[in-house]
Amino acid sequence: MEEIQSQSDNYRSSSSSASSPASRVPSSNFFYLRKPGSLRQPISFEDSPEWEDTDIDVRVEEGGDSINIATTPVSPSLSKLNSGSLPSPPLPEGATAVRKIAGASVVWKDLTVTIKGKRKYSDKVVKSSNGYALPGTITVIMGPAKSGKSTLLRAIAGRLPHSARMYGEVFVNGAKSHMPYGSYGFVEREITLIGSLTVREFLYYSALLQLPGFFCQKKSVVEDAIHAMSLGDCSNKLIGGYCYMKGLSNGERRRVSIARELVMRPHILFIDEPLYHLDSVSALLMMVTLKKLASTGCAIIFTIYQSSTEVFGLFDRICLLSNGNTLFFGETLACLQHFSNAGFPCPIMQSPSDHFLRAINTDFDKIIAMCKNWQDDNGDFSSVNMDTAVAIRTLEATYKSSPDAAAVETMILRLTEKEGRVLKSKGKAGTATRIAVLTWRSLLIMSREWKYYWLRLILYMIFALSVGTVFSGSGHSLSSVVTKVAAIFVFVSFTALLSISGVPAVIKEVEVYTSEESNHHLGALIFLFGQLLSSIPFLFLISIPSSVVFYFLIGLRDEFSLLMYFMLNFFMCLLVNDGLMLVVVSLSRDVFWSTLTLVSVQVVMMLSAGYFRIRNALPGPVWTYPISYIAFHTYSIQGLLENEYIGTSFAVGQVRTISGYQALRSAYDISPDKNSKWQNLLILFLMAVGYRILVFVVLYFRVGKKKSLHNIFKCNRDTTNNAR
C-alpha cells in the first residue's frame, strides 16, 4: 500500500507541475475536474468558466418499457458538441428527417470471457465486467491494445469465436434472451465492401437480401440510411473504384459499412473501432454522425483505442479496460474525477483519452526504461515517470470502493428488475428472392470487375491463338494424331492453370459472403447457388470464342455437332476448375497460399492425365488410384479425343486401314465405345457438383460451429441462473 501511495504522490506532483498556472493558458475548451467528494459538482480553477450543476436523471416509467434520459450540459466544451451545434453536412433538399428508433437497453452483469491460449498468464480475457447501455446514448469501451475491448463487445452481442467461453448474464430490456435477427447491427473493424458498386447500389442490394417486403419499401429504407450517415454527396460514387476511377475515402467507407446495418433499423448498434484508420477530421465527422444517430433512439456501443478531445466530448459513458479488468464505468466527466480521486489527475493541457491510456498502458514502461536518462528542452520525463502496474491496481481498487461502482450496480438492478418490451425478429427475405438478388448482384459485379472474367477471357484468347498457330497445319493423316493429342492436352491443362488469375476476385467474393453471413444476411447454399448461376454466362462467354479459335486453327473435324461437344466439354472443364478454386479459397483465403496450392494441384493433375505416360502404365497405388481418377484433365481430354477419333479410320498403305481408336492406343488411352464421351461429360458435371458440395460443407461447418457455440453460451447462462 505504501508503494501505491508513493507512486500516486509522484504522479500527482508531476501532473500538478504540468498544469501549473505558469504553464497553463486560460481557455474554455479544456476539461476540468470536479471537486473531490462531489460527483455532481465540477471543480473550479481560477481561470475556469462558470459551471452549471450536472443532473443526470434516468427513470424507468411505471407500466411502460421505455427509458427516458434527461441530461443538462456538463461543460461548455462538451455541451457545445453534445447539443449538436457543431456543423455537419446538410440534408439534400426534399429529404425528410431520420425517423425515430425504438431503442433497447443492454445490461451485462459479471461478464467473464475465457479463451484458451489467448493470454500468456491467464485464459480470462474479460474479468467480471459490469455495465449497461441506454437508448439514445453512446457507450464507449476504451482501453489499450489487448485489453479485451473487442472481446467484451462480441460477448455482449453474442458473437464470440468458437474457442471462447462466456460466463455471466446479458439482459436486453431487462430480459435474459439473445438478440433476434434484425434487432441489432454489428460492424466489424475490417471493412469488407464491394468496390465495383456505388454506395446506393450496395445498400439497395443489402436491403433486398436482408428485408422482406416490396422493393419500393426498401428504397425508402436505403435513403434513410444514406441520410443518417451523411452519405448523400457520395451516394452515386463507386465504393472502391475500378480501372482508373477513385473510390471512397476511409471515413466514407466506414460510414457505408454502418449504413448497411442501419438498413434493418436496429435497436442496438455494435461497432468495433469506428475510428480505425481515420484522420482527425474524418473521426470527428464520424462521431457527430453517430451522435445524431443515437439521438434517434438507437443504443450505440463501440470500442475505441484513442480519441481527440473533441471526439471525447461526444461520449456519454465510458467502460475503461486494462488486461480484462474494468477500471471504470460511468459518465465521461466522472471518469476524469475517478482518475483525480485515485491520484492521477488529468493535466489541463492534455487530452483525457491520452491521459487514460498513458496511465494504464503497460507499454509505456518500456519507453520509460529506454528514456530514463534522456532530457528534453523542458527537463526530464517527469510526466511519464510512473509504474503502470501500480497505477492499474490503484485505479481498480479505487473504482471498486467508489460511488461510481455502487451507482452502476444500482442502475443494473433497476434495469433488470422488470422485463420490458421483448425484441422480435423482423423477418427475412425469401430464399428464392435472395438467390435471385445475389445472382443479379454477382452478374453486375463480374461485368464491372475486369480481374474476374474479362482478364481470363483475354488470356484464353491469346493462349488459344498461340497454341492454335503452334500446332496448325498438322492435317488429318495418321501422323497428325500425336500432334493433335499434344495440342488438346496443352489447351486443357494450361487453360486450367491460367484460371488461377481469378483467385483474388474469388477471395474477395468469399470475404463478402463471410461478412454478410456473419450478420445472417446469407447462407452457404444461397451463396453457392448465386455464385453458380452468375458464373455460368461468363464461363460460356469464355468457352465459345476460345474453343472456336482453337478448334479450327489445329484442324479438327469440320462438323457442327462435334464443335458443340468440344465447347460443352471445355465449358464443363472451366466449371469444374471454378469449383476447385472455391474449395481452395474457402479453406485458405490467402492469395499466396491459395495460388501455391492450386498450382501444385494442377501440376499433379497434369502428370496423371495420361499424356506423359498412358494411364494403364501409371503406378497403381498412387497415381492411378486415386490421383488419376480425380484429375478432371483426364476426363476432359478423353472426351475431346473420343469426340475427334471415335468412328474415324486411317489408311495404312494402300489396302489396310485402322480405326481412330487403334491409332490413339500408342499415344493416349481412350474407350472404343461411342457413348464414352458422354460418360466423360457426365463425370465432369458430377465433379463440378461435387466440388461445390465440398465448398458447402466447408462453409456450413464454420456456421455450425457458431450455432453450437451459441447453444454452449446459452447453457452456461442457464447454469449460472440456476445456481443463483
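Cβ coordinates come from backbone N, Cα and C, glycine included.
Keep in mind that TrEMBL annotations are predicted by a computer and have not been checked by a curator.
Per TrEMBL, the feature region 'Disordered' maps to 1-26.
Annotated domain 'ABC transporter' per TrEMBL: 106-348, in sequence order.
The transmembrane segment annotation in TrEMBL covers 453-473 (among others).
The transmembrane segment annotation in TrEMBL covers 485-507 (among others).
Per TrEMBL, the feature transmembrane segment maps to 527-554 (among others). Sequence-distant contacts of the transmembrane segment (527-554) (same chain, six or more residues past either end, CB-CB distance under 8 Å): 434-435, 437-443, 446, 452-453, 456-457, 460-461, 463-465, 467-469, 471-472, 474, 484, 487, 491, 495, 509, 513, 517, 563, 566-567, 570-571, 574-575, 578, 582, 692, 695-696, 699.
Counting only same-chain residues 6+ beyond the ends of the transmembrane segment (566-585), those with a CB under 8 A from a CB of the stretch are 492, 495-496, 499-500, 502-503, 506-507, 510, 531, 535-536, 539-540, 542-544, 546-548, 551, 556, 594, 597-598, 601, 632-633, 636, 639-640, 643, 677, 680-681, 684-685, 687-688, 690-692, 694-695, 698. What TrEMBL records for 566-585 (among others) is transmembrane segment.
What TrEMBL lists as transmembrane segment is 591-610 (among others).
The transmembrane segment annotation in TrEMBL covers 681-701 (among others). Through the fold, the transmembrane segment (681-701) approaches residues 513, 517, 524-525, 527-528, 532, 565, 568-569, 572-573, 575-576, 578-580, 582-583, 586-587, 630, 632, 635-636, 639 of its own chain, all at least 6 residues removed from its boundaries and within a Cβ separation under 8 Å.
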Mean pLDDT for the domain 'ABC transporter' (106-348), rounded to an integer?
87
Looking only at residues six or more beyond either end of the transmembrane segment (591-610), which have a C-beta under 8 A from one in the stretch?
489, 493, 496-497, 500, 503-504, 507, 580-581, 584-585, 618, 623-624, 627-628, 630-634, 637-638, 668-669
